[in-house]
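A.B. asks: So that we are looking at the same thing, I have put the structure below in structure tokens.
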Amino acid sequence: MKIQCDVCEKAPATLICCADEAALCAKCDVEVHAANKLASKHQRLFLDSLSTKFPPCDICLEKAAFIFCVEDRALLCRDCDEATHAPNTRSANHQRFLATGIRVALSSTSCNQEVEKNHFDPSNQQSLSKPPTQQPAAPSPLWATDEFFSYSDLDCSNKEKEQLDLGELDWLAEMGLFGDQPDQEALPVAEVPELSFSHLAHAHSYNRPMKSNVPNKKQRLEYRYDDEEEHFLVPDLG
């Protein structure tokens with residue numbers, strides 16, 4: 001039993017166009033799918049691969065059934081399939097397959113090839129099966145140690161600065177400008193005027209008691225101003 005071409009309705013069909021859902025002979029296939037590039041990409045299934053012995057249709061029981069409806073769980077011929085699954089009806093959305101297990105009205109060949117390639121490509125499966133690689137953890141920031149060293153350097157610099165400041169103020173401390181008890185060397189010593197030998201002899205001559213006619217007159221202390229310097233003379237009591 002052969003399937004008739006849906007275009008010319010004279011020659012037997014050699015293939016089925018899934019996009020057009022039509023059985024075509026070789027001549028009509030060239031005319032229909034050579035019209036444009038989009039039509040040339042339609043997926044087509046050759047009927048040579050189908051079995052020559054088809055089961056009878058579950059509805060009419062006369063014609064050979066090569067369409068299987070999943071929802072109705074029935075094998076249908078083309079005429080019964082069109083009558084049962086008419087467009088704009090609820091049954092039009094039923095899933096239907098050819099007797100070989102290939103779904104009817106699939107998308108274009110290029111789309112199916114991409115789907116099959118992604119589905120059966122071992123490289124894609126390996127990429128999907130591989131767990132996501134964990135990125136190495138970023139190194140912990142070194143701000144704590146840097147801050148510690150910076151603070152230590154700051155403390156050292158402050159200590160050195162204090163030592164320098166104290167070193168500069170040592171000479172003020174030696175002069176007794178602060179409230180601390182000064183050293184004995186820093187205290188000013190009262191200087192005793194140095195007298196030359198001539199001054200001492202001259203002073204000794206003045207220390208001698210002068211003879212006076214007045215016996216009861218008391219001895220007086222005399223002061224002598226020499227070179228605009230005041231000298232205190234101790235009387236000789238011997």
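Here the Cβ of each residue, glycine as well, is placed from N, Cα and C on the backbone.
Summarising the annotation, Swiss-Prot assigns Zn(2+) 1 binding site to Cys5, Cys8, Cys28, His33 and lists sequence analysis as the type of evidence. Taken from Swiss-Prot, the feature Zn(2+) 2 binding site applies to Cys57, Cys60, Cys80, His85, supported by sequence analysis. Per Swiss-Prot, the feature compositional bias 'Polar residues' maps to 121-137. Per Swiss-Prot, region 'Disordered' is recorded for 115-139. Swiss-Prot lists 226-238 with the feature region 'Interaction with COP1', giving experimental evidence as the kind of evidence. Per Swiss-Prot, zinc finger is recorded for 5-47, 57-99, and the stated evidence type is sequence analysis.
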A.B. asks: If I take the alpha carbons of Cys5 (Zn(2+) 1 binding site) and Cys60 (Zn(2+) 2 binding site), what is the distance between them in whole Å?
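C.D. replies: Approximately 21 Å lies between the Cα of Cys5 (Zn(2+) 1 binding site) and that of Cys60 (Zn(2+) 2 binding site).
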A.B. asks: What is the interatomic distance between the Cα atoms of Cys28 (Zn(2+) 1 binding site) and Cys57 (Zn(2+) 2 binding site), given in whole Å?
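C.D. replies: For Cys28 (Zn(2+) 1 binding site) versus Cys57 (Zn(2+) 2 binding site), the Cα atoms are 27 Å apart.
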A.B. asks: Report the nearest neighbour of His33 (Zn(2+) 1 binding site) in space among the binding-site residues Cys57, Cys60, His85, comparing Cα positions.
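C.D. replies: So, of the listed binding-site residues, the one sitting closest to His33 (Zn(2+) 1 binding site) is His85.
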A.B. asks: Going by Cα-Cα distance, pick out whichever of the binding-site residues Cys57, Cys60, Cys80, His85 is nearest to Cys8 (Zn(2+) 1 binding site).
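C.D. replies: If we rank Cys57, Cys60, Cys80, His85 by Cα distance to Cys8 (Zn(2+) 1 binding site), first place goes to Cys80.
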A.B. asks: So, three-state DSSP: helix, strand or coil for His33 (Zn(2+) 1 binding site)?
C.D. replies: helix
A.B. asks: Restricting attention to the zinc finger (57-99), give the mean pLDDT.
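C.D. replies: The answer is 84, the mean pLDDT of the model over that range.
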A.B. asks: List the residues of the same chain that sit at least 6 positions away from Cys57 (Zn(2+) 2 binding site) in sequence and have their Cβ under 8 Å from its Cβ, in sequence order, or write 'none'.
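C.D. replies: Non-local contacts for Cys57 (Zn(2+) 2 binding site): Lys63, Ala64, Ala65, Leu75, Leu76, Cys77, Cys80.
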A.B. asks: Under the DSSP assignment, what numbers of helix, strand and coil residues are found in the zinc finger (5-47)?
C.D. replies: 13 helix, 10 strand, 20 coil
